[in-house]
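Quick look at what TrEMBL lists:
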ACT_SITE  Thr178  active site, nucleophile
BINDING   Arg206, Val207, Gly208, Asp209, Thr229, Gly230, Asp231, Gly232  substrate binding site
Amino acid sequence: TAWRVLALGGSELDAVERGCGQCEIDQCDGSVGYGGSPDESGETTLDAMIMDGNTMEVGAVADLRRVKNAIGVARKVIEYTKHTLLVGESASLFAVRMGFPYEDLTTQKSLSLYSEWLNQSCQPNYWKNVVPDSSKSCGPYKRPGKVTCEEKETISQRSVHNHDTETISQRSVHNHDTIGMVVIGASGTVASGTSTNGAVHKIPGRVGDSPIAGAGSYADSTAGGAAATGDGDIMMRFLPSYQAVEYMRMGTDPTVACQKVISRIQKYAPKFFGAIICANTTGSYGAACNKIPGFTQFHFMVSSPLLGEPTEKVVDCI
């Protein structure tokens, strides 16, 4: 869809918006758009961003509720405001002012995901160091009061359980995912964007890396663009997309730039689930991913005049 927009004379931003928007409509992988990744209260909320590598303008929305076209709303943030990021209920009100309809983002699938999770004592979840024990119960949670010796023991056990939970969620690759896109125009203009419904069973109000400039994606027409996918809570701490673009600015090959970013995160979180795609202004591209059980290769799509049609590429994780 994005490639067709470019072929018909649309701008790089148009291509990113329409390409990511297509994934929102198609509910790509259940991890983009409505009806996927219900949060702890069963609601699907959306995060998206779009970036213009010529002007360095960014439009982003996070925790967007009851509006399906998150990337479209993000584009309107660039066009009609001097802001960069709008969040939550207020982002939804902005969307309605911009002509987007309120719609229910819940589906039978997201409802059944939610009820299955409740039936499994809310496992896995994203809480730690709370009472009641988040590895065994649904809460509501609060922080522990005065710590007695007995409670200290419980806390250490709890942190072990939490570690298990974390590993499971990282291994079940479909827990986090995103559509991330980098578009390079004929003149070397770069645009990028992302859209996602975030982590499954996230704590309401959680915002991942996707709508954060430099984390979820980054575009600079003097260097290139990058977009990341995976465990946003970890990845956003390293601004991987910004870092990859800076490596490419220094002349690093896109594949190597992606690998260096992944290696950097590995030092702190060896078991993180994540991948990044990189493209420079000459049209060279690459990708890299972190190798963990169940995730040893990363697939991504490329369209270019040389390839003729959209082509799937694969890299081995490092």
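Glycine too: its Cβ is placed from the backbone N, Cα and C atoms.
Here the features listed in TrEMBL are painted onto the structure.
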residue: Thr178; record: active site, nucleophile; Cβ within 10 Å: 29
residue: Arg206; record: substrate binding site; Cβ within 10 Å: 18
residue: Val207; record: substrate binding site; Cβ within 10 Å: 21
residue: Gly208; record: substrate binding site; Cβ within 10 Å: 25
residue: Asp209; record: substrate binding site; Cβ within 10 Å: 32
residue: Thr229; record: substrate binding site; Cβ within 10 Å: 27
residue: Gly230; record: substrate binding site; Cβ within 10 Å: 28
residue: Asp231; record: substrate binding site; Cβ within 10 Å: 23
residue: Gly232; record: substrate binding site; Cβ within 10 Å: 28
Nearest-integer angstrom distance between the alpha carbons (Cα) of Asp231 (substrate binding site) and Thr178 (active site, nucleophile): 10
Distance from Thr178 (active site, nucleophile) back to Arg206 (substrate binding site), taken between C-alpha atoms, in Å: 15
Cα distance (Å, whole number) from Gly208 (substrate binding site) to the residue listed as 'active site, nucleophile': 10
